[in-house]
Amino acid sequence: MEAVKDVLCMNNGVGENSYVKAEALTIKVMAITKPIVPKAVQSLFTETDHSIPLQVVNVADLGCAVGPQPLEFMSTVIESILKKCGEMGREMPEIQFFLNDLVGNDFNTLFKGLSVVQEKYKKVSWFAMGAPGSFHGRLFPRNSMHLVYSCYSVHWLSEAPKITNEAGLPLNKGKIYMSKTSPPAVTKAYLSQFQEDFSSLLKFRSQELAPNGRVVLIFNGRQTADPTNKDTCYTWDLLAEALSYLVSQGLVDEGKLDSFNVPYYNPSQEEIKYLVDKEGSLTIEFIDTIELEIGGPNGYWSSPESRIRGHRCFTEPLLSHQFGERLMDKLYDKATQILVEDYKHGKEATKNIGIAVVLKKKKL
């Protein structure tokens, strides 16, 4: 498989299965966690030397994707700065937004949507630019960023963990992620890859962060010590079952399924705290768990069809690259059939678990 940074993206365009149309879960999570951003902005202004007022505030949205999410974030930042400057009787600084994602992101659609923000804040001096690249590496100059934000992106790994035995044969057969039936080596490999990636992310953001700046990260996580619990693994188990069916029909090569693992990890709060402490350059100012009901008749996705569209918009690019674009409709149709049966018997995962953390640079 090619490097993740060259393959991973959300579904582009504005069609039924596009990220713009099908992904609304992140917007819901953003609404729940919205108060975090104004607090981070407030800290930036109250802790900065008043004798040297900020003239430009640099803000980054890492893994911004496309659609209403980055636009909502930009609006929240502008409103927060307007309010704080009004309270302090200070002149409004200029705001520079850096919209970051991998090169496959639909930046054209993203920038077309900026007209909404332009119309709303005509009297505010703000600017936006694309910053393509992986947040697992350096993106910005040292000490330059005042607010770095990411919502539902940093659970993506820089690469899929290497899960083979000494002979080079795949260990996670019939699966595309950790599961209850996966050997312990699979779980260990995923944790190791996440530890490496998250530690790098912390190191690079610390280098880029201005004094008194903040890093706000919101990402898929888990509440239990077991990384193979149902709420964590259900989506990937569902897709693996659908792929196994295609294998049984002779439509997918079994070796392609056995050798494929998604570059993704749901950490726990304990794992995050441990890695922040171990890396040592940042400190946790705030951390909390978000629980969103998504399954069943009263959940966020009340129908199997809407839930599969929500999954398809962020899983299809990876799966299409591995198994072929021509099979995607068959794959997600089969996944829908499986999910319909799971809904009937109450077997589907019912919760989406997120973790929100605010970080600041340690003072030397």
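Placement of Cβ uses the backbone N, Cα and C atoms for every residue, glycine included.
Remark: C64 (S-adenosyl-L-homocysteine binding site) has P70, F73, L99, N100, D101, N105, L110, S153 as non-local neighbours, by Cβ distance under 8 Å and separation of at least 6 in sequence. Positions annotated as S-adenosyl-L-homocysteine binding site by Swiss-Prot, on the basis of similarity to another entry: Y19, C64, Q69, D101, L102, S134, F135.
DSSP gives W156 (theobromine binding site) a strand state. The theobromine binding site feature in Swiss-Prot is assigned to T26, Y152, H155, W156, F314.
Positions annotated as site 'Involved in substrate discrimination' by Swiss-Prot, on the basis of similarity to another entry: Y149 (among others). Using a 10 Å radius centred on the Cβ of Y149 (site 'Involved in substrate discrimination') and all shown protein chains, the other Cβ atoms total 26.
Contacts of D258 (Mg(2+) binding site) defined by a Cβ separation under 8 A and a same-chain sequence distance of 6+ are given as P170, N172, K173, G174, in order along the sequence. DSSP assigns D258 (Mg(2+) binding site) to a helix. The Mg(2+) binding site annotation in Swiss-Prot covers N172, D258, F260, N261 and rests on similarity to another entry.
Neighbour count (other Cβ atoms within 10 Å of the Cβ, all protein chains): 22 for N220 (site 'Involved in substrate discrimination'). Taken from Swiss-Prot, the feature site 'Involved in substrate discrimination' covers N220 (among others).
Neighbour list (Y264 (site 'Involved in substrate discrimination'), Cβ cut-off 8 Å, at least 6 residues apart, same chain): H155, W156, L157, Y177, W236. Residues or ranges marked as site 'Involved in substrate discrimination' in Swiss-Prot (evidence: similarity to another entry): Y264 (among others).
Under 8 Å, Cβ to Cβ, and six or more positions away along its own chain, E325 (site 'Involved in substrate discrimination') finds no residue. Among the features that Swiss-Prot reports, site 'Involved in substrate discrimination' is placed at E325 (among others).
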(message) Within 10 Å of Q69 (S-adenosyl-L-homocysteine binding site) (Cα to Cα), which of the recorded positions Y149, N220, F260, N261 do you find?
(response) none
(message) Measuring Cα to Cα across T26, Y152, H155, W156, F314, which the record gives as the theobromine binders, how far apart are the two most distant ones in Å?
(response) 15
(request) Kindly assign S134 (S-adenosyl-L-homocysteine binding site) to one of the three DSSP-derived states: helix, strand or coil. (result) coil
(message) Using a 10 Å radius around its CB, how many other CB atoms surround Y152 (theobromine binding site)?
(response) 21
(request) State the Cα to Cα distance, in Å, between Y152 (theobromine binding site) and F135 (S-adenosyl-L-homocysteine binding site), rounded to an integer. (result) 13
(message) Of T26, F260, N261, F314, which is closest to S134 (S-adenosyl-L-homocysteine binding site) if I measure between C-alpha atoms? They're all binding-site residues.
(response) F314
(request) For F314 (theobromine binding site), just give me the three-state DSSP call. (result) helix
